[in-house]
């Protein structure tokens, strides 16, 4: 860590161009350059199916891969080896996540919009969904819970989980236990853009799903966006890429807590980004010292150090300026560590998930508070929402008009049809209103 330099900068001393640069995501330019590579992979999977996915799996993950689908026997054998303490932790997280998402069940509604005209809003669970669980250097059973629990509550009939295997063709036992707990029906040993293609287009061992969920690297995020824009019919949840955390802290903040939170996101990957906004130079200096000291003790120090190179410690004029910067940046995670944290909430709406107060670490939301940790990144929190139960449903409308009800609206409908020059639209109304009602009179 002696070579690491984490500068502290005064926001007001930066030019407009410099301010924009300080808030630029490190992985954004790379994501743009990946479009063509991802398109080639997806085209290969679409044309060649399972054979293409197996080839990519051998190239990037398990060189000896012969099949993609995990059997129930393989899952059971792996789960049997899992430590009971880990099972209890997963069970606890499952319960809190289930409780919070169960409370989100959407309710059908029915309303009479005009005499004799009934309109309804109804919800139906998605039939088949795909859950992408990132692999690489970390085991992520928590992501399986975040995706699997709402799919289970919604009642999705087929839930396909994909995750890249290790060199031995295995997935972590903790991940498999979480998947089993959530009722995942199929598990495929593949990752990257090719896994998204397998979910969206279907392969021999696993038919296509209707919607793909889950975070991932730039390849995965780009692949999700591409399949959702072509004619596959597959939807995506939200753009969820490299992790981000922005902390707003004042003099009441504990620098050790702030640094620990920043590092908890920096250790996710070298393309993660963390930002501190504080009106206090003293807080900024103390947080920097804590970052240096705590990072040196991490098992993933090298990864966190790379992320810190693109991270920012910014001293602002006051809390109003901190709020304005946060709203512009629209972070995936926002931590408010001030003496009036809850009072700031109404002004801080552009974030995937907000962590209020000194005793709400971001890692709590990652694992077990109950909120979902699949969140919009890259500034998409301005317009996208965090993942929730409703994302696993289709919403559709129903309308029913009696003969008298149609007559109530006939003039409005036929006039608008005339305005738009759509004669058949008008005729579909008048052919009914000009005939006698066949409705029974009880």
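For all residues, glycine too, the Cβ spot is worked out from N, Cα and C.
In the record from Swiss-Prot, residues 243, 265, 268, 366, 420, 425 bind substrate; the candidate from 333, 403 listed for the same site is 333. Of all Cβ atoms in the shown protein chains, 27 besides its own fall within 10 Å of the Cβ of residue 265 (substrate binding site). Around residue 333 (substrate binding site), the same-chain residues six or more apart in sequence whose CB sits under 8 Å from its CB are 243, 244, 245, 246, 265, 351, 352, 353, 355, 362, 365, 375, listed in sequence order. Between the farthest pair of Cα atoms in the substrate binding residues (243, 265, 268, 333, 366, 420, 425), the distance is 56 Å. Here the CA atom of residue 366 (substrate binding site) lies 12 Å from the CA atom of residue 332 (active site, proton acceptor).
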